[in-house]
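Annotated features, as they stand in Swiss-Prot:
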BINDING   Cys36, Cys39, Cys53, Cys67  [4Fe-4S] cluster binding site
Amino acid sequence: AELERLSEDDATAQALSYTHDASGVTHDSYQEGSRCSNCLLYSNPDAKDWGPCSVFPKHLVAEGGWCTAWVGRG
């Protein structure tokens, strides 16, 4: 089945301060330059625009998005 794009209004997304656009994030735990595409939980690092995330298994997240579950690829 085709995955749906995650809504910023989704309850889990809101709990994790998810946003489609990391450039405007003001959250205390945000690190400059962090975004979905360079997160360990973005399960297909080659995905462009929208990709799968292990935190939101039924949805796609924005490549340039961010949430508080962000973990840097190491």
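Cβ coordinates are placed from backbone N, Cα and C, and glycine is handled just like the others.
Taking the features listed in Swiss-Prot, we show where each one sits on the structure.
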residue	record	Cβ within 10 Å
Cys36	[4Fe-4S] cluster binding site	27
Cys39	[4Fe-4S] cluster binding site	23
Cys53	[4Fe-4S] cluster binding site	24
Cys67	[4Fe-4S] cluster binding site	27
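Look at Cys36 ([4Fe-4S] cluster binding site): DSSP puts it in a helix. In the three-state DSSP assignment, the secondary structure recorded for Cys53 ([4Fe-4S] cluster binding site) is strand.
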